[in-house]
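Heads up: the structure comes next, in structure tokens.
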Amino acid sequence: MGAASAAPSQPTAKTYNYIVVGGGTAGLALSARLSQGLKNATILVIEAGEAGLEDERIEIPGCRGSTFGPKYEWNLTTVPQEGTDGRVWVQTRGHVLGCSSALNLFSYDRASAHEYDGWEELGNPGWNWDSMRAAMMKSENFTSANSQFYTGSEGVGTSGPVKALINRLLPAHQAPYFSVMINMGTETNLEFLNGNPLGVLYSPNSLDPTHYSRSYSANAGGLLSPSILENSGIGRADVLAAAGTTQLVDLPGVGENLQDHVRIQSSYELKKNYTGCDRLKYDTAYAAEQLQLWWEGKTSMYGYSGSGYTFANGNQALGDDGEERLVALAHEAIGATDHPVELKKLQWLNDTTVPTGYGKDYFTLIAAVMHPLSRGNKHVNASNPSGHPLIDPRYLSHEYDLRAAIEAIKKCRAVALSEPSRSTWGSEYEPGLDVATDAQWREFALETTLSIYHPVGSCAMLPREDGGVVDPTLKVYGATNLRVVDASIIPVLISAHIQTAVYGIAERAAETIIKEAPR
């Protein structure tokens, strides 16, 4: 991250002022800011994975997804998920310098202002839209301000170390998507980073404009932080006892409140006169040509990373009747709970501002449930405490989540069937136009809905009595000088990719630590 970055090496000192566990999105951003603000401090960053600094697959946008797998992942999975008939879900987490920000699909956005304000309303003074916006802006250098895709420069940072832009390449088959959404009544949003993401937009990517390569912070993360605490004797008594660990701090919230976005998709075979990213896989001559263009800094399919997004509330996506049915289902699913996280999700639901085919080209419409009601847990494995944790997000355990996914995929098909989008494809590859009844849609959702890999909440920043693990300074309750700084402190899942929020959390943590440091 800027001048503070350094080559990986073995530790040389016996003691350090600060030890950061995890050289990922938050960990490297935090350590960089600490080294800049506390120039005489000694800082050790511990990363279990490889450096990955020379792997072009990490850097090149067109190679996104190719790094998923054993080399750069922890290879985590869930326990069988009861809500999806026992299906085991993949839990992608980076095992490389940069962690998940080195493997993600480049999306770079923000949630609505009131969602960050919700953190403060849940009992965290000073954590709100104003403070998080300032922190997120501090980390970023958004180079597409004052353009045809983004009006002005309000709400964006232009001098931070992490670069972001709106991709210069818009494939011909994607342009109709914007027309369809506008024809369906969705407004174009040209200021989506400034607190209101609703609308159809050209979403930024975390790319360096000088060469269209990945720009990222090169922590253990939302799934692994609870294991570190539990293996250190901090957590729920029965969990620690089962693992043979002596309890030092009774903190039942560790590993609980796990939340994640879920996604569902439909895919379409493009007509012959359209070129998609799939051609890079099966046409070696085309791939070589495009790779050379990328190396020369020219417009190339290898520089493309996706850009067409729509953020919609229930009314915009489903209309009055559809929204009312889902909201009623959500209230029924939540029941008489008084947990603040559940109540906050219900409040947001009513808010008005917020096998692969080979040799052919496809485009995919992906829909996500932004505020799923399912909350699960993640705990140390009692039979192997130093191994992979037991992860149970309880995906689709609420009927609301499943119904929302079904309605979302129906909306995807409606978009694909609308002109001018309909003229770009020949057949629906997934799920297939024969899927039409409620029972068929339900089966498709149960079999194919996936995680977007945005786990949050398992070390929640909440009052201790509400299941919190850290206080507003991110210190672990009952411990001394131990902080959690990553996505796991986010108390309630936001309606956005979490990368910018994690950078903002790291910036705020660094400011607090520097302010509290002895002089």
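Cβ from N, Cα, C; glycine included.
The domain 'Glucose-methanol-choline oxidoreductase N-terminal' feature in TrEMBL is assigned to 16-148. TrEMBL lists V96 with the feature FAD binding site. Annotation comment: TrEMBL describes 372-506 as domain 'Glucose-methanol-choline oxidoreductase C-terminal'. The active site, proton donor annotation in TrEMBL covers H454. Annotated active site, proton acceptor per TrEMBL: H497, in sequence order.
Shown in sequence order, N104, S107, Y108, D109, I452, H454 are the residues of the chain, 6+ apart in sequence, with a C-beta less than 8 angstroms from the C-beta of H497 (active site, proton acceptor). Classification of the residue listed as 'FAD binding site' by DSSP places it within a strand.
If you take every residue in the domain 'Glucose-methanol-choline oxidoreductase N-terminal' (16-148) and average the pLDDT, you get 91. In this structure, the residue listed as 'active site, proton acceptor' belongs to neither helix nor strand by DSSP; it is coil. Contacts of the residue listed as 'FAD binding site' defined by a Cβ separation under 8 A and a same-chain sequence distance of 6+ are given as G49, E50, A51, G52, I58, T67, Y72, A102, L103, in order along the sequence.
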